[in-house]
Amino acid sequence: MSWNCCESLDMAELRCRKTVVKEGEEEEHQQCESEPCSENFTMDKVSLKEKCSEDTDGATCGVQEKEKEDEEEKDEDKKEEADSQKPSPVKRNRSACRSVMLQSLVKLFFGCLAAVTCGMMYAVYLYTYHERKFWFSSRQELEREITFQGGSGLYYYYYKHMLTAPSFERGIYELMRDNRTVSGQTINAVERLSLYPELITSLLYRITGSQDVIEPVYFYIGVVFGLQAVYVTALFVSSWVMSGTCVAGILAVAWYVINRPDTTKVDYAIPLRDNWALPYFSCQVAALTGFLSNNINSASEMFCYLLMSATTFTFILVWEHSHYVLFIQGLALFLLDSFDLVPSRKQNMKMGPLVARLMKLFLHFYLCFTTGITFSYVAKRLMPVRESDFILKFLEVKFGLNTTTDFVTNRLLCQECFQTPSQDFFLRLTQASVLPFYLLVLLICLISTLQTIYRRLSGEPMKTNLRLEDGRIGEQPEVIYHVFHTMLFGALAMVFEGMKYLWTPYVCMFTAFGVCSPELWVTLFRWLRLKSIHPVVLALILSTAVPTIIGFSLWREYFPRVIAELSELQEFYDPDTVELMNWIKTHAPMAAVFAGSPQLLGSVKLCSGWTVTSLPLYSDIDLLRRSEDTYQVYAMRSAEDVYKILSLHKTSYVIIEESLCNELSHTKGCRIKDLLDIANSHVVYDKGEMYSFSKHGRFCHEIKMNYSPYTNYFSRVFWNRSYHVYKVNSVISFQY
């Protein structure tokens, strides 16, 4: 009975397994009833197996179970085979990473190529413009050297000296114990004049074997122009890193070139320390920008850190005023750290509630500033420094806190670099469309930065994974730094026009970043709460359209001017100066000492190598005082007084310039003779007007009359339309 029942169950199970398959539909199983052996109840597959195993040895059910397991294994094998044909999630991720990496490498390659191309094109442009302006290749060596204006030729003299020295070591030794530059003094010219660029350039000229390939002067100016190429390349990179597009870099370089009169002095004074130092500072700022960026890995961060260190060291080495610039930059970084605007992995965050954080912030400011002031006060008490006192006195007069009759102070205040910027400066920036867009970009970034500072002080952590739609341009540390940077240097540029050469290049870079940055436009549109169009879409459109329109307008307006500059042959010729230098080289004895204006003495030292009484160096108070003494030839002083002053500096010849003796009043109270009259108390004030008065006539006029007592002390040995050279008599002959 049990066998028959089991057999009946098997037959019933087989009948139930039959299916009717229709096209496009799922399988449907027929239901059936069991044979008489199971007529009063229904069993599923498991129940049947259990029943069979209870009543029989289960042999038949085991066979059926094995068949089912085989079918399941086949189904699993088919699924595995189908899954193996599809790409796995890991493989898909790897493929996506490779694609993203390839795109990044392509963008990096073309961005670097564009940056290097812009730098090289700018260097070629400078070389061509310099050649057209001065006819450099067609002039003699003396005429070429005279083109180094503003007293900058002095530095080139030491480059020539290093090349003519028997060896590099001997040349350095002679410069470190130089008694052939300033009369009566033995100076370390390398340290005092920051001659490290000339040392390195002369060494490169020697070791590269360039003597048979290129003339020394071309090698020198080629190195300077190459550094200018590095300068604009670094500006390109800074704008590119912040905006994410190399279009910003191209626009920054275009604005830099267009505003060249306000961005660089390399056009007319190639050897100046600024032209050697500022390219390194630009590289340091670019490295700092990359270091502060959130989208940077640890290896790139370390590279930026090392580059910052190297360029900062070189910047300090090359320029004697570098510490002032680094102080301002340090103040910007100080603000960045004080308000916790840097990611925690780069600098430690301040902790605590709002009140505690504010107290720590004020304590931070107090300690930093009072420590510096206290140290300065103690240093002055222990070892008084005239230069520090002079700088403080100069700043007091500059800001109207005091008045002075001191010649050196007033002379410096009359220098163009220490005066406030003229309206023409702002007009040029406006015409080039830089200033309007700069103010817009700065305003947006500044407001967003202030919002970020408030969030930091309120305890909200730094957000590093920013998205485009967040609209928080002020959360990016590199942007915040440049906001502080441009505001601090801009404030100084509003007071001292010379600071525009440190501010204007970064105005061009910062503005180019802003107009090309979608994040900046999204930030603005988030504030405006646009509803008609998505802010991200509109920002992407404007970040492309605005720089395109600016680029086309600049191309149309300024490209013809640039081409005209390169095609027009200008003429720079100074026959009177050439004649003077030739006379000095051929008639003056080797031991002669010359006195005159510092700028002219720089050219005398360059062209002849003769000893001079002063140098065109405004950072040395001793040299400034010596210049005041030699300027007394334009004052209302007696022949005896001038003779004693010049003899004190062992002067052999004094050069009087017609341009200074008959100087017109282009700036009220800033003529050399006016400043001397004020310093010597040779002025009388009547009804608000200033009149010069003295019992002696003006020396530069009286000496030309050739009468006693002037002829007793001085003998004229050379003159032309611009210069009069008088020999200081060693033996006084009294003629009446």
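The backbone N, Cα and C atoms fix where each Cβ goes, and this holds for glycine too.
Here TrEMBL flags 51-91 as region 'Disordered'.
Sequence-distant contacts of the transmembrane segment (108-129), counting only residues of its own chain at least 6 positions beyond either end whose CB sits under 8 Å from a CB of the stretch, comprise 221-222, 225-226, 228-233, 236-237, 240, 246, 249-250, 253, 257, 266-267, 562, 565-566. Residues annotated as transmembrane segment in TrEMBL: 108-129 (among others).
As annotated by TrEMBL, transmembrane segment applies to 217-234 (among others).
Note on the transmembrane segment (240-258): residues 107, 110-111, 114-115, 118, 122, 125, 232, 286, 289-290, 293, 432, 434, 476, 478-479, 482, 505, 508-509, 511-517, 543-544, 547, 550-551, 554, 558, 562 of its chain, located 6 or more positions outside it, place their CB under 8 angstroms from a CB of the stretch. Per TrEMBL, transmembrane segment is recorded for 240-258 (among others).
Annotated transmembrane segment per TrEMBL: 302-319 (among others), in sequence order. Within the same chain, residues 194, 196-197, 273-274, 276-277, 280-281, 283-284, 287-288, 290-291, 296, 325-326 sit at least 6 positions outside the transmembrane segment (302-319) and bring their C-beta atoms closer than 8 Å to a C-beta of that stretch.
TrEMBL lists 325-342 (among others) with the feature transmembrane segment.
Here TrEMBL flags 354-379 (among others) as transmembrane segment.
Marked as transmembrane segment by TrEMBL: 435-457 (among others).
According to TrEMBL, the transmembrane segment annotation covers 478-496 (among others).
Taken from TrEMBL, the feature transmembrane segment covers 502-524 (among others). Long-range neighbours of the transmembrane segment (502-524) within the same chain, counting only residues 6 or more positions beyond its ends whose Cβ lies under 8 Å from a Cβ of the stretch, are 231, 235, 238-239, 242-245, 247-249, 251-252, 255-256, 259, 262-264, 278, 282, 285, 325, 429, 434-435, 437-438, 440-442, 444-445, 448, 466, 468-474, 476, 482, 485-486, 489-490, 492-493, 535-536, 538-540, 542-543, 546-547, 550.
Annotation source TrEMBL lists transmembrane segment at 536-555 (among others).
For the transmembrane segment (478-496), the list of distant contacts is 238, 241-242, 285, 288-290, 292-293, 328-329, 331-333, 335-336, 341, 398, 417-421, 442, 445-446, 449, 452, 502-504, 506-507, 510, 513: same-chain residues at least six beyond its ends, Cβ to Cβ under 8 Å. Long-range contacts of the transmembrane segment (435-457) within the same chain, counting only residues at least 6 positions beyond its ends with a Cβ under 8 Å from a Cβ of the stretch, are 339-341, 354, 357-358, 361, 426, 429, 472-475, 479-480, 482-483, 486-487, 507, 510-511, 513-515, 520, 523-524, 550. Residues 115-116, 118-120, 122-123, 126-127, 130, 141, 144-145, 156, 159, 201, 204-205, 210, 253, 256-257, 264, 266, 270-271, 275-276, 278-279, 282-283, 285-286, 505 of the same chain lie 6+ residues outside the transmembrane segment (217-234) yet bring a C-beta within less than 8 angstroms of a C-beta in it.
Below 8 angstroms of C-beta separation, residues 245, 247-248, 250-251, 254-255, 258, 432-433, 437, 468-469, 512, 515-522, 525, 530 of the same chain, each at least six residues beyond the ends of the transmembrane segment (536-555), sit close to that stretch.
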